[in-house]
There are 4 protein chains.
Amino acid sequence: MSSDGEHASFELGIKFGALFHQFVGTPVSEESAASLATAIEESIENQPYTESVTVTVDREALAADIGPYGYTGLAGRHLEVEIVVEEAGTRATGTMEMVDGYPLMCLETVE
Amino acid sequence: MSSDGEHASFELGIKFGALFHQFVGTPVSEESAASLATAIEESIENQPYTESVTVTVDREALAADIGPYGYTGLAGRHLEVEIVVEEAGTRATGTMEMVDGYPLMCLETVE
Amino acid sequence: MSSDGEHASFELGIKFGALFHQFVGTPVSEESAASLATAIEESIENQPYTESVTVTVDREALAADIGPYGYTGLAGRHLEVEIVVEEAGTRATGTMEMVDGYPLMCLETVE
Amino acid sequence: MSSDGEHASFELGIKFGALFHQFVGTPVSEESAASLATAIEESIENQPYTESVTVTVDREALAADIGPYGYTGLAGRHLEVEIVVEEAGTRATGTMEMVDGYPLMCLETVE
């Protein structure tokens, strides 16, 4: 009904959807960005089959959004994300990056 | 690098992760369950490649969790979900159901 | 230690924080805005002491943010909110509106 | 229309509602609890008028919920929270603790 590659890709997608919708809107400043990135990584790495989660905050994009109160809500444009899952010997890797102003989640490789 | 079936499965996973992590914790009662289910369906159906989202609230599971204040926070055990995505002619179908007390997201078919 | 007016104001603040952080980031389009607004109102009205929650989607602000995929993530700038709580005979009313590009939550009256 | 104490209490309530509804549902394990608690504290401390946020994870309550996959979703019963806000010379302090199985947010002092 479905292949190992499809299963690994499905699991990878779950992690991206979870990461984005759990954390978007979190109050974040230049000072608190590091602890938030670490918490996001360690949180999503708990999910089944997850090998690694790497979250980088785009400091320029974040600084551009900091308002009069010294912080903003976390948005897709502040993040670069790479996630690797491994299920039944198949590894799927994906990224989230800004493409045309939209935080695009991409399936990069399944092997 | 990756097949149509893998791409559709990845997109399907994104929708499940998004649905769960956007809405878990939402205050819900027996009276408000219907409007919440409708909003979840219409919200996630906005996402790219989504053909349909069907959310059923398990009324017994919900009633069992209603506390002294007449409501609870939405949890995986209150929901049965089916999502269908279609990308480039490939359709992937998945479900979320309780298995051993854990809200399991399953890739059902890719065709 | 604290007055009835302070208690009602505290309860009112909880509802605003809950509403904003539960629903920001939800996928929303011009078609799905109505069901989302209804679900938000009925959801937050479940919380203790809540008399009414009124959510209006700013259609112009929403339309301006709709991207290439026909939807966007719900943001503070898409919403006008009024919440009334009543506790121990004291009623507190608050609003959320955009002020200088920031979704400001204001305590309007306590009586 | 409203006193300094009422304003500070309203601001305090916002922080509790935000904290709870932003982070409930986050995947958490015994290993990742510390980084999540730090991120929650630093995140909510960004919000206006916030003097301090102290988040303690109840390790017993968390351990009791860890399922077959080694993690669970963060719930109110896993947290003890104290928040202090200060606005216009008035300080409001609140706590969130489990009372009768419900995560109760309490206004403790306004002074």
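Think of each number as a place in line: the chain as shown, counted from 1.
Cβ coordinates are placed from backbone N, Cα and C, and glycine is handled just like the others.
Those TrEMBL annotations? Automatic predictions, nothing curated.
TrEMBL lists D:Glu11, D:Met105 with the feature substrate binding site. The domain 'Dihydroneopterin aldolase MtpD C-terminal' annotation in TrEMBL covers D:4-107.
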Neighbourhood of D:Met105 (substrate binding site) by C-beta distance under 8 A, where only residues 6 or more apart in the same chain count: D:Gly13, D:Phe16, D:Gly17, D:Phe20, D:Gly94, D:Thr95, D:Met96
D:Glu11 (substrate binding site) in three-state DSSP notation: helix
DSSP three-state assignment for D:Met105 (substrate binding site): strand
Other C-beta atoms that fall within 10 angstroms of the C-beta of D:Glu11 (substrate binding site): 26
